[in-house]
């Protein structure tokens with residue numbers, strides 16, 4: 001019997017598809033990487049009975065990167081990244097061992113069906129999967145077709161079975177367009193980012209970013225935000241004047257009339273118009289016009305419109321919205337959420353989709369009325385040739401989806417119902433009055449038929465006071481005429497919804513990447529999200545954009561990126577050559593890069609105005625982990641460092657210390673980065689390259705400091721609070737602390753004496769559980785054994801228990817005493833082996849001779 005491998009993009013998607021195709025009769029098991037499951041069943045395929053094996057990847061299998069030596073920022077000229085630096089495909093997540101996993105499952109298979117997402121990224125992943133599995137699959141006989149592509153837009157029985165019965169082939173051109181975009185973004189982004197980061201890093205003390213990134217899409221996105229900021233800053237309010245009249249007739253309430261001239265910007269002219277009519281006591285009706293109008297139902301929903309509405313109406317950021325939408329899609333509640341199309345195909349089952357919502361209490365009445373009266377065909381939108389519009393695929397409730405999931409699902413469903421509803425109809429009445437020589441207007445709206453606004457009430461026609469019945473020639477009494485002084489107001493900062501519209505208009509990014517670019521400029525500290533989800537540029541973001549404009553405006557304007565996107569689309573359509581587009585674009589940006597390097601002084605001048613040099617803010621000793629600015633160095637007794645953000649106040653430093661900054665480190669606890677000369681090993685957190693010191697806070701009370709295995713920082717994953725197991729089995733004051741970097745020869749060591757406990761050698765992973773042993777109160781350990789060497793029964797590989805009490809673990813634990821080593825050579829786990837237990841304090845008995853060198857003296861403080 002032949003075996004057919006089927007691969008989906010996510011584990012949840014694989015499970016849903018397998019359940020539908022096997023009609024619930026598949027068996028499931030975990031794959032070797034632990035992240036992806038494998039579902040197996042027997043069924044028909046191409047007229048034969050075969051064994052199906054359904055599994056998945058976790059997004060991209062591979063990622064593009066430079067080969068090893070070109071990842072060294074200090075040894076490689078960024079200009080070389082445009083052409084000389086070779087690239088290679090690496091596993092996107094090495095911990096998942098995705099290539100090996102796919103090869104294990106593909107071995108012996110005769111055919112493959114690719115169920116990846118049906119967009120360009122999905123096509124690219126198709127070929128990543130094929131590159132991994134083709135060498136191990138059975139060779140085809142003759143011209144037998146073995147690679148199949150399933151095209152689907154929703155996780156419903158009908159759509160999945162239709163896709164299975166109409167298998168095609170993966171699109172090589174679309175995959176190549178993604179390869180081109182990846183290589184362009186890598187080479188261009190890395191070259192500019194490395195150069196400007198190294199140029200400005202360490203030069204300005206209050207520069208609030210450790211990475212000054214550039215991106216071909218990210219930078220124009222930031223440019224839109226700064227352009228609006230510049231308009232706000234340069235705006236000069238201008239006074240203008242408006243005539244306002246109030247009239248009445250009989251017992252009817254007064255009407256406020258709008259001036260036909262709207263406004264004038266000259267006070268004397270406005271005063272003249274007022275003087276001409278202020279004595280007039282009668283307003284005469286010149287005309288009454290009644291016209292029936294319609295507010296059109298919305299077009300079918302695409303990704304960009306969903307992102308816009310989610311930001312403006314639901315208060316959800318684009319990145320979060322896409323995450324929620326993808327979850328709804330994989331769970332089968334909505335169709336594929338990444339689409340540019342706003343037009344339903346002629347064969348789309350609108351009535352069947354609508355009928356699914358007939359029992360939902362929130363819109364059941366509207367749906368039943370539509371089903372009985374007949375659907376109105378949706379407006380004709382644009383067909384981008386990718387996926388149908390975003391549509392609800394089955395009914396749901398808030399309990400099933402959670403808060404954000406329900407709010408997005410509710411909007412998608414209401415929008416769909418609105419597209420097949422009737423237009424909203426209303427009667428607009430316009431009355432034109434003459435007061436003296438001036439003309440005034442009053443307009444009112446009366447609802448005729450609510451139409452689609454029944455299900456989208458926020459789009460409804462506002463209730464207005466009915467205008468009085470009148471006709472041409474009628475007279476109204478003038479109650480008041482006055483001149484109002486007003487002034488023009490500046491535009492507000494861009495909202496996310498407005499930015500999304502601008503990016504779509506100018507072709508910056510795709511429906512899938514727009515949220516990523518907006519999220520990037522926020523994470524890079526180039527803009528902040530204010531109330532109303534408005535994007536306010538930071539000082540750094542403003543200076544960068546102004547610097548790009550000063551040197552080369554095309555680096556920040558959307559024009560050049562739009563042209564690149566058009567070329568990439570031509571590759572996807574098979575109308576342009578991959579290598580030619582790639583080389584042409586890189587040549588353009590390479591020339592721009594060289595000009596940028598030669599002209600960087602122009603941006604530096606702007607930096608000098610906006611940021612303070614290190615001399616004004618502090619010596620280049622240590623950055624605050626929160627605000628990324630250098631801490632203020634105060635030369636007094638004792639020496640202190642002040643964090644400029646105020647989060648970290650004072651750090652007392654050893655008086656004999658010489659310090660230097662290792663900028664590439666970034667402390668995971670968000671405290672600060674500090675190291676001393678070449679003796680960084682004595683400050684080690686157990687990570688390579690030279691790590692930051694996580695326990696600077698301890699300097700508040702003592703000069704000696706502490707290592708990670710004594711630090712009590714509550715959130716640091718390297719501290720005693722996170723890794724402490726139990727009291728030492730020999731000394732009274734020590735704690736046995738697990739060393740997470742010691743694998744595969746795992747160990748824990750006392751942070752006071754030289755006791756070392758070795759355990760679980762060759763285990764795949766060991767971690768400390770938050771739970772404790774009931775017998776001895778030691779922290780429990782969670783151990784993932786290698787499958788081939790597991791002491792557990794059957795196929796089990798994971799066990800949780802106490803290292804001292806658990807019968808499974810007891811035979812795997814060995815206690816030893818470490819050999820004392822010179823403090824200058826201690827690093828990481830060695831810190832806890834000598835330590836300060838048993839009288840071994842600096843200068844005390846048993847300590848080596850006190851070093852003469854200043855840096856060695858500093859090292860002694862930390863040991």
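The backbone N, Cα and C atoms fix where each Cβ goes, glycine too.
A TrEMBL annotation is a machine prediction, not a hand-curated record.
Here the structure is a predicted model, which means the values were calculated and not measured.
Looking at 349-374, 375-400, 401-426, the range tied to region 'Disordered' in TrEMBL is 375-400. Range annotated as region 'Disordered' by TrEMBL, chosen from 790-821, 822-853: 822-853. Remote same-chain partners of the region 'Disordered' (375-400), defined as residues 6 or more beyond its termini with a Cβ less than 8 Å from a stretch Cβ, comprise 118-119, 153-156, 296-303, 306, 325, 332-345, 348, 350-351, 353-354, 356-357, 359-360, 406, 409, 412-413, 416, 419-422.
Within the model, the domain 'Toprim' (3-153) shows a mean pLDDT value of 92, rounded to a whole number.
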